[in-house]
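Below: the structure, in structure tokens.
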């Protein structure tokens, strides 16, 4: 198909156009629009709800079954503050992963006027996604659930009801990290609780009856062990991908890199932003809640699907 001296091809993979600044989508967190990105997917919403329920269940067992009945005030205070603080960070990371635009390419931008504005050289080939009718930048892939092409799409995760892509990978990594930490913390506390209760023959060990306490602790241990295994593996996989500047899709498809790889610390700085600092592990960094609330009061939040 000839158009304005350049060729447009309907293909799904290996786009050659690599200048991401030519596109309307955000290329960094600081450029994100003041809107809420939300995917209306039934399975993803159920998985997100289960995630929150399990984290809150763990927090309930740790706080009310193990720590509050403890005779050691400082033991209960220190562990309670630490666990709840990490749980807040984990849930905040989950929310920001779920409600952040992962790097969606504008839908339906493959128009003659838009292609003319790119000022491409005669004979230069650009690639169009036939599913969402958008011009695909390099390393973008189409997500059948989000129904959009996503820049640097790593994978679609139902547990966060969103794709993991260019703009929210940091929050997904923080989510897996904090969940693995609180899972390990819960396992340690549960082990100590079992040891203490068996030693005291379950007398004055908990405000719950021994059968109820045992059942709650067993479910907590199973949950924590499952979450720890899954999130620790996912965290390691994500860090490995970031350090090698390769998404999971690119690795599975064995795509040969046509881009200049940013490896190790350069890749980490690209995802987490700037030099190593506490901002790297802060899921609240860059959150513009006041502007979002102001926009919501004026005309309602924008929801993207």
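Glycine is no exception: its Cβ is also placed from the backbone N, Cα and C atoms.
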Q | Feature transmembrane segment in TrEMBL, mapped to one of the ranges 116-139, 140-163, 212-235 | A | 212-235
Q: Please find, within the list 73-91, 92-110, the residue stretch that TrEMBL describes as transmembrane segment.
A: 73-91
Q. Which one of these stretches, 45-67, 252-274, shows up in TrEMBL as transmembrane segment?
A. 45-67
Q: Among 171-192, 281-302, find the range that TrEMBL records as transmembrane segment.
A: 171-192
Q: Restricting attention to the domain 'Palmitoyltransferase DHHC' (128-254), give the mean pLDDT.
A: 89
(Q) Counting by DSSP secondary structure, give me helix, strand and coil numbers for the domain 'Palmitoyltransferase DHHC' (128-254). (A) 71 helix, 18 strand, 38 coil
